[in-house]
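J.: Before I ask anything, let me first share the structure, which is written out below as structure tokens.
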Amino acid sequence: MSEQLKFIVEQLNKDPFKKNFNLITFDSLEPMQLLQILNDVLAEIDPKQAIDIREEMPEQTIKRMCALLGMLKYKPPGNLSDVSSFRQGLVSGSKPVVHPILHWLLQRLPELKKRAYLARFLVKLEVPAEFLQDDVINDTFHQYEELVEGFKTYHKECELLRTSGFSTAEIRRDISAMEEEKDQLIKRVERLKKKVESVSNHQRMLEQARQLRVEKEREESLTHQKQEQKNQLFQAEQRLQRSQQQLKDVQQAAADADPESLMKRLEEEIKINSYMVSEKLPKELEGMRRTVQYLQKIASEPAMGQADLQELEDQIKEVDSQINQLIEKRMMRSDPMDDKLTLYRQQASIIIRRKESKAEELQEAREKLATVKRGLRQRSSQASSDGGEDIRGDELKRLVGKLRSKGTVYKKKRQEITELKAEYGVLQRTEEILRERHETVQQKLQTMEAEKGISGYSNTQEELERVSAIKSELDEMKGRTLDDMSEMVKKLNSTIVEKKSALAPIIKELRSLRQQCQELNQEYEEKKAQYETCTAGLESNRSKLEQEVKALTEETAQEENRYHYINSMSEITEMQIQRAAEEMKAYVSSDPQEKKKAIREVYLKNISEQELLGKKLREKQKLVRESHSANMEQMMMWRDLEQLMECKRQCFIRAQSQASIGQVIQEGGEDRLVL
């Protein structure tokens, strides 16, 4: 409570209140003064509350304060949860009621200001239903609701802008910098225009430069289209490979399996896929939607402070305690019918868990199978591109013969390569000479173009020819790829028709076997259900027995610990009783020697000895205090004497060291040195 008062006084002494209180003056305030301070704090939150409560009726004051506190979502403490007692305490200006309100308000002042500001626009007016039947009132109310929703969106955008880190000063600086850059660019463009206007044929050169830019943009678009067509071709090849692989798989499955196994496998796949579509995937999708909604809700709300987090933690603790109380009540009034139902509930939960685990295992296995198939497809494509095959004995002999014939061909080709290298050296030299001549001709051409005022014309012409050649090649490639794709589609359609005609008699045979398969599946499901119920019952019985055994072992261990504890305590008690009897016997005995052995006598003797010792020490302390000053003087004298003796010793040592030079003679207060 003292911490609460201290916090309230500190906050009231700060801006904007500046009350200049201390703990004593604040605690000695009258109820009316305390209510006025509460009203001042509420007025800081909502300016409409700035009223002198002496000029207002008490009922109106309490009604106004309670309405604002309810809007601010204030919850009274646990001992003031009754509304009537809370209102009565607020009317009388009771400290146990007003102090918690002030503490709560001053802790959350900025947040409550924002909440009060929003409440002015977001708390909807309650209009009776009979008034809404009027068209004008109904339209006005709808407009009012639309304005409220618009205010919500604008406020969210404003908060996002405030929290995004952008400031108006930075934006203004950026705008001014961009305007300066714009002015500089305009000046540069004007200078370049002036330079170009002095050149002859500048309009033609500008037109050619514009055409060059257009052609470059066209070239970029063509390269982009080429890349897109390559990607489409690659995707079409992949689809073709996948369809071919699927066709191979279908052929192998049709060749290896009989109709019954094929039908069983298909029905199993249908059941698994229906379970995945109807149960597992909707649950996962619903969970993801809930998480997305929860995250969107969190993102749309304003940033939470420490006080909001503390309030949420308190709410969580309250809900946890309520849950625990409900669980205890349920355990207290558990009836035998619930115990019977728990068995079936456990069985159902076990089956559901197994089903979910198997579905997850199936999904993981499918993902692994897809990755393995992709790897196999890549390996097969690499092997087909490399041309790797198994080699047998006859093929090895043929390869050896081919290698021998190719060895002779290799030698001839090698000789031709040496001749070609020599010719290449000659051609390279001629190319260098021609390149030098071409450079000189190009320089002359550039000088002539500059003289005529059409510099860069030859380069532009070459670039245009190169672009037109590339475009023609692209058009040819596009035509070839479209023809190949159309032929490929025709082949695939023809193969699909052939496979359909081949599978038609097999499908007719399968129709006759479907009924038998359904009967077998029904019998299998019944047996499976019986087996699962039996296993679930056995597992639940086993778990119950294990729990009972565990409880009994724990009870046995507790009883053993209790037994050993009681035995040790009884032994200690017996020893204490025995010592007490011996002490009593020695105390009652008439023999003085026995009395001396008693603990009481021993303790009394020790006490008397310690008292004598303390008396002696106190006398000694008294003597030391009385002789302290004399002893200190004597110690100082001894220290001076020690310094004097040290000085004499130093003088004696110095005199001995000077004896080798001469002899010092002291006569009549004079010192003489005799050499």
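Keep in mind that glycine also has a Cβ here, set from the backbone N, Cα and C atoms.
Please treat TrEMBL annotations as automatic predictions, because they have not gone through curation.
These figures come from a predicted structure and were not determined experimentally.
Pulled these from TrEMBL:
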DOMAIN    3-126  domain 'IFT81 calponin homology'
REGION    203-231  region 'Disordered'
COMPBIAS  204-229  compositional bias 'Basic and acidic residues'
REGION    373-392  region 'Disordered'
COILED    410-451  coiled coil
COILED    503-562  coiled coil
J.: Under the DSSP assignment, what numbers of helix, strand and coil residues are found in the domain 'IFT81 calponin homology' (3-126)?
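T.: Across the domain 'IFT81 calponin homology' (3-126), DSSP assigns the residues as follows: 90 helix, 0 strand, 34 coil.
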J.: Between 0 and 100, where does the mean pLDDT of the coiled coil (410-451) sit?
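T.: On average, pLDDT over the coiled coil (410-451) sits at 79.
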J.: For the region 'Disordered' (203-231), what does DSSP give as the number of helix, strand and coil residues?
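T.: With helix first, then strand, then coil, the region 'Disordered' (203-231) has 29 helix, 0 strand, 0 coil.
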